[in-house]
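S.K.: Structure incoming, see below.
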Amino acid sequence: QNYITESQLLSTSYAMIGLTSTVALFRIGIQIARRKSARMEDYLILLAYILFLVLSAMYIIVTPALYRMTGATTGHAPLYPTLMDDALFVIQVFFTTSMLFWCVLWTVKFSLLALYRRLTIGLHNSYTTVWWGIFGFCVLTLIGCIISNFTSCHSMHAWFTPGECITPRDARAQIASLYYAFGTDVLCDLMIMAFPIRLIWNLQMARVQKFSIIALFCTGFICILFAIIRVVQIGTKAGNSSTPSSSWLALWAVIECSIAVIIGCCPGFATLF
């Protein structure tokens, strides 16, 4: 079932690509203008941006087939000879984009962690220990998200066979994967935002600057807000016993990944304060 039209999904995707590209290119422009050499966090946020573009492009490419297939299967359009080919294509794309979605979000997290790691050099070992703990937790939760994608159907054969991944068990597994990814995503964000607050507060700089930088890092709450909106919108539409709407998943995946990349670019603007 589709809760938005094809044109709305495509328009939103193009708009988020434009907005995200503007922010990402602005960050790159600042770095070039100030003649700063690229660091690990810069490469990681660039990777997140590229993955976001790939994710969005895949959704844009699959959208016509998705709506053509949905129209035929719901009786709003006649059946056509390549229906099964479209169904398989949609499955393959959404299997890939599910993992791309998590890779975008977690690459942004790793970008922030790379920045924090550099800031902890020369400080007390407790900072390094906490950093490694957060990093390890993020890695493990990302692996868990990927595993949950593979187990969302009762078998890999069912995953890639149109019409077979529709059992009640599969629907429950897909909803469980949605909420697991949401919970770990938010928890990782909270840990990453909390880590630098004491670190920044102990730096030798004006208090106004400290508040400005802390506020900049706490923009991660925007990511959490959109993660909550996404899971509520998808979860309430799907209920507890039905598969989430593909078009609805695509819409909120593009929006959340766009916001995540934009927020990930924000530390690059700290030099403007």
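Cβ coordinates come from backbone N, Cα and C, glycine included.
Copying in the features that TrEMBL gives for the protein in this structure:
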- 12-30: transmembrane segment (TRANSMEM)
- 27-272: domain 'Rhodopsin' (DOMAIN)
- 42-67: transmembrane segment (TRANSMEM)
- 87-108: transmembrane segment (TRANSMEM)
- 129-150: transmembrane segment (TRANSMEM)
- 178-199: transmembrane segment (TRANSMEM)
- 211-229: transmembrane segment (TRANSMEM)
- 249-272: transmembrane segment (TRANSMEM)
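How buried are these features, and what lies next to them?
M.R.: Below 8 angstroms of C-beta separation, residues 45-46, 49, 52-53, 56, 59-60, 63, 250-251, 254-255, 258, 261-262, 265, 268-269, 271-272 of the same chain, each at least six residues beyond the ends of the transmembrane segment (12-30), sit close to that stretch.
Same-chain residues lying 6+ beyond the ends of the transmembrane segment (42-67) with a Cβ under 8 Å from its Cβ atoms: 2, 6, 9-10, 13-14, 16-17, 20-21, 24, 27-28, 31, 86, 89-90, 93-94, 96-97, 100-101, 103-104, 107-108, 110-111, 114, 246-247, 250, 253-254, 257-258, 260-261, 264-265, 268.
Counting only same-chain residues 6+ beyond the ends of the transmembrane segment (129-150), those with a CB under 8 A from a CB of the stretch are 95, 98-99, 102-103, 106, 109-110, 113, 116-117, 120, 156, 159, 173, 176-177, 180-181, 184-185, 187-188, 191-192, 195.
A Cβ distance under 8 Å defines the sequence-distant neighbours of the transmembrane segment (178-199), meaning residues of its chain 6+ beyond its ends; these are 102, 105-106, 109, 112-113, 116, 119-120, 123, 127, 130-131, 134, 137-138, 141, 144-145, 148, 214, 217-218, 220-221, 223-224, 227-228, 230-231, 234-235, 238, 244.
Remote same-chain residues near the transmembrane segment (249-272) are listed as 4, 8-9, 12-13, 16-17, 19-20, 23-24, 26-27, 30-31, 34, 41-42, 45, 48-49, 52, 55-56, 59, 62-63, 66, 94, 97, 101, 104-105, 108, 111-112, 115, 213, 216-217, 219-220, 222-223, 226-227, 229-230, 233-234 (criterion: CB distance under 8 Å, separation of at least six residues from the stretch ends).
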